[in-house]
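Below: one structure, written as structure tokens.
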Amino acid sequence: MMAEQGLLVLFGSQTGTAQDTAERVGREAQRRHLRCRVQALDSCDLANLIHEPLVVFVCATTGQGDPPDNMKMFWRFLFRKSLPASSLCQLDYAVLGLGDSSYPKFNFIAKKLHKRLLQLGGNPLLPVALGDDQHDLGPDAVVDPWLVALWEKILALYPLPPGLEIISPDMRLPPKYTLHYLPEDSPAPEGALLQPAAPRGAPCELQPFPARVVSNQRVTAQAHFQDVRLIEFDIAGSGITFSAGDVVMIQPQNCPEDVQQFCQLLRLEPHRRFVLEPTEPGTPLPPLLPQPCTIQYLVTHYLDISCVPRRSFFELLASFSTNELEREKLQEFSSAQGQEELYSYCNRPRRTTLEVLWDFPHSTCAIPADYLLDLIPRIRPRAFSIASSLLAHPERMQILVAVVRYKTRLSKPRRGLCSAWLASLNPEQGDVRVPLWVKKGGMKFPGDPATPVIMIGPGTGVAPFRAAIQERVALGRRGNCLFFGCRHQSKDFYCQTEWEELVTKGFLTLFTAFSRDQEEKVYVQHRIRENGKLVWELLSSENAHIYLAGNAKQMPAAVAEALQSVLQQEGGLSPLEAEEHFTALERSRRFQAETWS
């Protein structure tokens, strides 16, 4: 029989797909009467990994072949040179990767993880699974058969106890929590329901700091298609410190109209209070939800009703449906054959959970409140580069936010949950607060005051460089060179006056590319080539560091190409030498990039 701890499923997930898949493995374990815990890699105690008999790893690979944020610490730990080769000799494991074969480093993290666990003495139950977003049926084309094989292996090692059968897929599993309504007339607790506890230690995900919004200013022209905000928070008394390159995590909330619609569709009373009780003893309560809690608070702050629902959502919703037509459609969407159609119904037009519930009204009003937390994922925090320095703005923090808004074939424009919420906040209407905490960023600026920095930050990519420049200027450092790009000098040239002042004072060398202000489009990469002499000079004789930030489509590749062409033109290197030199800059962290999609 399997040891008391059972099966452990660990995930590294950036957008939630790997977490969704890990939870699917957990549900399938439950159907086989196996004890199972599902956790993010970074929240698991790594020292205990050596005592685990059986672990399934589910991990994504982010754009440049990096591990997802919630497995970065685990990754560093696992690749320590000091780990003995037999560390994991009692571990049976399997690795399931989720990737996209249109990227050069397809499933890089899963492959490397599988190999490293093998090196440390682990025993693989199966070859690594390489799920591919580009496949017609999505990653499930690989994941489905792989899981069938995995359960065969696991049940051979740990057979079902006599008399127990696998719970059939038609049987609904019990909810993770039961929701007990309090009587309507029970007294509310003393004090307001949702007063956060007095802060202990530095704010973090489980204990964000409610920062007051000081200002919310539009920094693009009214006529410009994109709304970009410079938002300032008051962080006095929070214990938060940060330096250039760090990132602020913000916990957004749903807008009141959506919350109201959701409650109407599901026939929920917003002001009813409830407590949650875990079905399995030992399951922790969801963090960040007060006990007791109101339905309104749950739907506003916790349930991500504006996310695009995943396949597991349709599977569970189908099990509640009492309407034959709706149920057939939901079952089709949750089957392997229905994935193409689900993609064009849901993912391509970016249809939200709330909109899907509108489309299935009979099934929606049959959803038991107990299952809300199984059906709808929690709202994820969003990351923003910090755009100011404490040396220039003590007790304050600023971010640059592009409000996400775009059209699909659906009549209503799509809106980014967090950016739309932030843009709607008006500090003149009283005390407006945003829950936030800080994470160390990926970019590190040089400690040596003599080292010049070349910063390439088109669009909102300039945010971390504004923090760096403010910090460096406050410390009297002059070697600051910025390549900035946007569409029009008159419409989206963020922080123009601030940059021009610093140029006048001799603190900044500025190169701008306004792509639409002339007939042919000009981008930052063109300016890098034009100023190759200076770039080469800074790199070769002054040991300059180069930083790149911004929206990742073609931009990072185009910039890397421009830098390599400078190494060839100005440094006289061959194409191959230039490529090797560039790779060496990356390896020594003299070239660092932070891009997002």
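Note: Cβ is positioned from N, Cα and C throughout, glycine not excepted.
Note that TrEMBL annotation is computational and uncurated.
Sequence annotations record features per position, and here TrEMBL assigns FMN binding site to 13-18, 60-63, 98-107, ASP133.
Feature annotation from TrEMBL assigns FAD binding site to ARG350, ARG382, ALA383, PHE384, SER385, GLY416, LEU417, CYS418, SER419, TRP596. Cβ-based neighbour count (10 Å, all protein chains) for ALA383 (FAD binding site) stands at 14.
Of all Cβ atoms in the protein chains displayed, 12 besides its own lie within 10 Å of the Cβ of LYS521 (NADP(+) binding site). What TrEMBL records for THR460, SER515, ARG516, LYS521, VAL522, TYR523, VAL524, GLN525 is NADP(+) binding site.
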From GLY16, ALA60, TYR103, PHE106: binding-site residues whose CA lies within 10 A of LYS521 (NADP(+) binding site): none
Integer Cα-Cα distance in angstrom, GLN525 (NADP(+) binding site) to ALA383 (FAD binding site): 26
When distances run from the Cα of ALA383 (FAD binding site) to each of the binding-site residues GLY16, ALA60, ASP100, SER515, ARG516, the nearest one: GLY16
When distances run from the Cα of SER385 (FAD binding site) to each of the binding-site residues SER13, ALA60, TYR103, ARG516, VAL522, the nearest one: SER13
Local Cβ density at PHE106 (FMN binding site) - other Cβ atoms counted within 10 Å: 18
Using Cα positions only, nearest of the binding-site residues to LEU417 (FAD binding site) (GLY16, THR460, SER515, TYR523, VAL524): GLY16
For NADP(+), whose listed binding residues are THR460, SER515, ARG516, LYS521, VAL522, TYR523, VAL524, GLN525, the greatest C-alpha pairwise distance in Å: 19
VAL522 (NADP(+) binding site) versus ASP100 (FMN binding site) - Cα distance in angstrom: 31
